[in-house]
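Written out below as structure tokens is the structure these notes cover.
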Amino acid sequence: MAKAYDHLFKLLLIGDSGVGKTCLIIRFAEDSFNNTYISTIGIDFKIRTVDVEGKKIKLQVWDTAGQERFKTITTAYYRGAMGIILVYDITDEKSFENIQNWMKSIKENASAGVERLLLGNKCDMEAKRKVQKEQAIKLAREHGIRFFETSAKSSTNVDEAFSSLARDILLKSGGRRSGNSHKAPGTDLKPCDKKNTSKCSLG
């Protein structure tokens, strides 16, 4: 019987409360969007298998929604994480400023060399933008990581972001060729759909 997957990667989403972490996970794992989640309740984790570089990668994506204030609880989640996605809300400048604190948290708690990815969520709310894309690109380049602007509501760049992180983990682990698959840090793939408006405020 064929194996269901070649690799299992544990991913973790961190960031301030209300930036849309749970919505991103639900969009990625179930391709659905619901803005009625209760902000203090996380979903633990969701699983989705993706094809990357000819390999079946099972992604176990952990949510930390509602636990941002309990640093010790969140610390336990770092254990075993191979990739960490830092999420901010493009309409909330404070959530972007706090990315530096989350970077520090990764350094203190996560495994050395863990892959990281920066996501600016809710990019469908362009009219309410407070964080310019150039600011995020600069930050991503300073840390040598990739950056995407996403929308859990319109699904923009969600699959691309998760697959990109999975590919980086795979290549780093020597699971496949390491040629030109890497995209320069600080870039995203496609512009966000500005027609939709996001109401998801959950972690």
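Count begins at 1; order follows the chain as displayed.
Positions of Cβ are set from backbone N, Cα and C atoms, glycine also.
What you see is a predicted model, and the numbers here were worked out from it, not measured in a lab.
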Tell me which range among 31-45, 136-150, 151-165 Swiss-Prot lists as motif 'Switch 1'. 31-45
Tell me which of 63-80, 99-116 corresponds to the motif 'Switch 2' entry in Swiss-Prot. 63-80
For N121 (GTP binding site), what residues in its own chain, 6 or more apart in sequence, show a Cβ-Cβ distance under 8 Å? V19, G20, C23, L24, V87, Y88, D89, I90, E149, T150, S151, A152
By Cβ count within 10 Å, point out the most packed of the recorded positions listed: K58, K153. K153
Between D63 (Mg(2+) binding site) and D124 (GTP binding site): CA-CA distance (Å): 22
